Structure formats: C-alpha cells, structure tokens
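Undergrad: Below, the features straight out of TrEMBL:
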- 31-408: domain 'Cation/H+ exchanger transmembrane' (DOMAIN)
- 466-598: domain 'Cation/H(+) antiporter central' (DOMAIN)
- 608-772: domain 'Cation/H(+) antiporter C-terminal' (DOMAIN)
- 80-99: transmembrane segment (TRANSMEM)
- 111-135: transmembrane segment (TRANSMEM)
- 147-168: transmembrane segment (TRANSMEM)
- 208-228: transmembrane segment (TRANSMEM)
- 248-281: transmembrane segment (TRANSMEM)
- 293-311: transmembrane segment (TRANSMEM)
- 323-351: transmembrane segment (TRANSMEM)
C-alpha cells in the first residue's frame, strides 16, 4: 500500500518530513480556527473554514512562496500526508458507522435510496459523453475503464463526512431534513464504493480473489468485535469505561483490516464503516469508543482531513483557457445533474420544495471517495498524468468551496423557520416519537425506562429516547492528578468525575434495559448549577427536537410504601421547566415497588388508566396513551369524568369509523369554537379508532362536584398500576371544585396532586402531563 511504504527521509529532503507534516497539521488547525471565528457569524460551518485553511496554506497561496514550498512540499512528505489521511479516514468512517441510526435507516431505506440515486443516475447518464471529451483533451490511451469509473465517481459521488459535519454544526442532525441528507450521502458514497470495487474485482482475476478475502476478513472482524464487546463489558462491570488496553485491541483489529484492504488495492472506508455499523451499541465498550472518538474526530481528525483536501488544490493549474473551460463545464455538469436528479426524486417522494433544494445542494458536496480514486494509481506501473490529476482534484475542491457556502446559507435560513411537533396531540401515532427523560439519581432510571418501554412497545410506532443525567456543579473543585497519574481507563476530564458512583449505576441500569428491550437510549450528562440547570434542559430539548420531556418527582417511595421528600431542589427545577419548556412536559411520580413496572419482559399485564376531565392537558395525556396502548403487555382504560347535568352520550351513538384519521381531529379543532366541543371531537375520534376495535377500554363517570370526583378516585385507587392525567388547563371546572383545599404540589395540578398525596394512599404510579405552553416558553428565563 502506497500510504504506508517508504515513510523515510529522502536525501533530497531539506527537512524531516515528519516535522513538516506535524507543522502542517498545526498550521491547518490554527488557520481554520481563525477562519471559523470570522465565518461562523456569517453562518458558515467548520468544514468550509477548514477547506479554506488548506487552500491558503497550500500551493495556491502561501506555498507559492519558495521557502514555504520547500518546507511543506518535499519528495517524502507526500507519503506522510497520504498515511495520515489513511489513518484519519479509518477512524472517522468507523466513528460514522458507530453513530449511524440503524433503526431510522432501516425504516427509511427506500426514501433515502431514491434521494441518493436520483442525482447519481442522471450524473452517470451525462458521464458517458463527458468521459469521451476528457479522453480526447487529455489523451488518455491506457486504463480507460479505470478512468471511466473515476469520471463517473467524480460526477456522482457525495462526500458523506462533509455533509455530516455541515448538518451537525447547523444543528440539523436531529431534524428529518438533516438525517435524510446524512443517510442519503452515506448510501450514495457507500454505493459508489461498492460498485467501483465490484467492477474492479471482476475486471481482474487477482483482484476478485482479494475482494473475497477482504469480505471474509471484514465479517470475521465484525464477529470478533461482538464477542470482544461482550467480554469487555462483563470484565469491567464495576468500571465506568473499559480500559485503554482493551480499546487498543479493537483499534488494532480495525487497523489490520484497513491496512490489508489498502494493500490488496481497495479503499478501506467501506470496511471501516461496516465494522462501526455492526458494532454492538449497548454496554461500556461502545460508550467508551464513542467517548474517545467523537471529540477527537470532530475537533482534530476531520478538520485536518478537510484541511489537507484543500491543501492539495493548486489554482494555478486552471489558468489556461481550455482547462478553465473544462473545469467550469464539469462543475456545472456535476452540480446540475445532481440538483435536477435529486429534485426529481424529491418531487416523486412529495418532499417540500425548500427541503428538496437543500438536499440537492448538500448531495453535490465532494471530497472523500472521489479524492481517494484521484490519488490512487490505476495500476502499480502507471500513474495518472499530472495535468489530468490536477484537473480532477481542482474540480472536486472548487465544487465544494462554491456549493458549500450556498447550502450553509439555505440551511441557516431553514433552521430559523423550521417547525417540529412540540405536542403529542398533533403527532401522527405512527411517526417517530422523540423523548427526553431527565434523571438525578439511579432510582429515577427504573421509572423512566418503564415509560420508555411502554411507549416503545410497537414496531410500527418508532421511538427515539434520550436520557440526560442532571448533576449539580460543585462550587469548588481541584484536581491534583496529572494525566500520567490517572488509573488505566480513567478520563482526564473533571466533568467525567461528576456524579460519582451514580453514573456507574445509571449506565448499568440502561445497559440492562437496552440489552433486554433492544430499544437504544441515547445518554448524555448536564453538569450545571441547579439554579440554572433548567435552561440547559430546555435548550437541550430544543436542540434534540423532542416532543415531550419526562421529569422525576421530588419525592420517592420508601420501603414501607410512603412517599418521602428527597430533593427539594428538583421541585424548583420542575416548576421552571414547566414554565419554559419548548415542548410538552410530564412529571412522573414513581411508585416502582407497588406501581408501574417495565412492560417488556413482564409476565403480567399492566393496567393503566387515563383520567380525562377536559382541556388541552388532558387531550395531551390522551394522545400519549395512543402510544402506550399499542404495547401487548398494557391494558389501557380511558375514564372520562362528566357533569351529571350533561346529556349522556353513549358510545353506541358515536360513529364507529375506524378509518378516521388524526388529521380530521386537527381540522375539527381549528373549526370548533368551544373547549368542550374540541374535547368531544378528540375523545370521539379516539373512541372510534381504538375503543371500538377493542384496543382500549372506555368508562364514563358522572359527578357533580370535587367530593364526588374524589370518591370515584378512591374506588379505582387500587385497580391500576399507572394513572395518566393532564396537569390543568380546564379553567373553572365544577368537577374539581374544592379539591384545591389540600393542594400541596401545584406543579402536578389538582388531580395529580391529590393522587400523589397521602389522602388517597394509592399504590399506582402517576404521570402528570402538561401540554406545550407556547407563550410561556417564548418568554425566556428572565422572570426566574
């Protein structure tokens, strides 16, 4: 493999190439950081600044100075640059595979493939005539098939690392548009790698055998990693992370695979991506890999890789008229075919026009696999002509430098006007539900994973849960240990030490849940003062675009079943989050010993009651129940409280139309004036869709005062393991009149506070839901 051979100082070298390579890396990081500080206020992401830094440092500008050129561009330096690029590619492709959202990709593989293939197919159709033009201009007489594959790749390929970083830095990686762009570029690039490698394998018998061996070795490494992950997780049961030695074993296997693939004559990016994609997600091994790789890849490896891409550009090579015309023509053909083809695919999929334009521009970005082919010799005895090599490289780099800023501007404009569902009431029950569960101590985990288990019980209704560990920031903290004094596997980060042993217990509980349910929970941690931690929770919920936040109650159940006040600070935080949350909020009163248990793996069926009095919060609670009732281990009953003077409306008089859609409810809400009519329309639709089909129970209770409501609640107190009720929003409701006399926790509302109090002494858990308050959430944090 060329990238790993002859890494030594040649006699003609004025400086040690290792020194020049290291200094180049440092200069790229410094210059790109300066450019990023200047361009970030203009809405330009990091990859553009890093490419620009490479261009400035390279032969286009600074390296035109003879002394700078003699220092950076030497006979042996190219080998070091190539080897460093190889290591960077290996690590970031493995990291990309490790972070890939496999459930999303599996659900949307058809849509993503159509978007990825639309522009590529059209580019390939135009690639044929353009190929014949290039072979005439550059007089390509040998290896025409390899040159044809190279031309098609330059026209049709999308650089997934650049797309991923642009999407991540504009905070679109949690939006549907961003995820579609990410996985469309991944499918596009991996398809190009597979097709080109397959055609090369069949064109040579020797290469075909090498391709088979690479496939077998890759499969072997995947299986070995599965066993190693299980073994390392079990071995480090009492540690937060696995040790550095164990991570080295995994990296050693990955490096051996990548080196073998490159030695045989293929690129290793697909192998590394596949190993990361198939790596087990649960346990300490995956957590340690993500912890160690994510920061280094995003802040060091990718910036240097993008910078080196720009460093290769020599703008002086296109100053003659013919080359300049060909460069402009090829950029127009590449971008034009990609944009038109992607727009056509998006039109077929009925994707909005503004999102289609952004997708088409993002998929025009280049600078990964196409550069690998450009810098790879077609055979060991031949190299591409210098003018042809420089021409194709210029096309790739200039294409990204021109289209990248335009795509970034449109992304920023779209981000400012992007809307996402912040309430469950308008969310399609079969679309993805995004949840943020907050925990402070390990005992909060069991209740929240039980809710996640109940909400994720149906494969057709996907769920994407996040769990954040909230840790109070100590006032003073000093670390007296140097890096070399840390124990093996420890992290040199004060933040990693916050939380004490709670972190280990929370991780173990989540690992057990993920292993049992196969529901992947994304973990994070917020370390801040409890006076302002609510701001971090709300900002995190907005960045993650979640639909509901689950908060723990400030009391916990003792061994004797009584509730005890454990952390009064939690109550103040909950009240602030309720006022300013960018989405709906649920406060969970966990009575795990006698109340709600995790449905997955349970032998008994959990009985859940929805208490519906009316109002937006109760409708939100009823909307939440649509997800829960889909679980096979849940028996859900809706108990609607009505005033005795209300004319009885039996279920037999309701239209039993199971095909009625939720969109009709939204239209009804927009057309009906009074709150009662909105409630009736929502309950009626729920009845027709779920109760009439036997998927949920429905009971009506007629009361005339708060005392009668309390009496009914006492009757059903021991019949259910979980009560779900809205916080309030009912206005002056006679059904709850007088119940505020013993109110202790107003953040739970009248009914929720009564259920959580010792007055009823119920054994079930309680989930109190508040619908998103738009006006309050937009008011900021100034009044706190």
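Cβ coordinates come from backbone N, Cα and C, glycine included.
Automated prediction, rather than curation, is the source of TrEMBL annotations.
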Undergrad: Give me the stretch from 208-228, 248-281, 323-351 with the greatest number of Cβ pairs under 8 Å to the transmembrane segment (80-99).
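TA: Between the stretches 208-228, 248-281, 323-351, 248-281 has the largest tally.
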Undergrad: In the same chain, which residue numbers or ranges, 6 or more beyond the ends of the transmembrane segment (293-311), come under 8 angstroms Cβ to Cβ?
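TA: Counting only partners 6 or more residues beyond its ends, the transmembrane segment (293-311) has Cβ contacts under 8 Å with 24-25, 28-29, 31-32, 46-47, 50-58, 81, 84-85, 88-89, 91-92, 94-95, 98-99, 161-162, 165, 168, 367, 371, 397, 401.
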Undergrad: Looking at 111-135, 147-168, 248-281, which one has the highest count of Cβ pairs under 8 angstroms to the transmembrane segment (208-228)?
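TA: It is 248-281, which has the most Cβ pairs under 8 Å.
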Undergrad: Cβ under 8 Å to the transmembrane segment (111-135), counting only same-chain residues 6 or more beyond its ends: which ones?
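TA: For the transmembrane segment (111-135), the nonlocal Cβ contacts are 105, 144, 147-148, 151-152, 155-158, 180, 183-185, 187-188, 191-192, 326, 330, 333-334, 337-346, 348-349, 351, 359-360, 363-364, 388.
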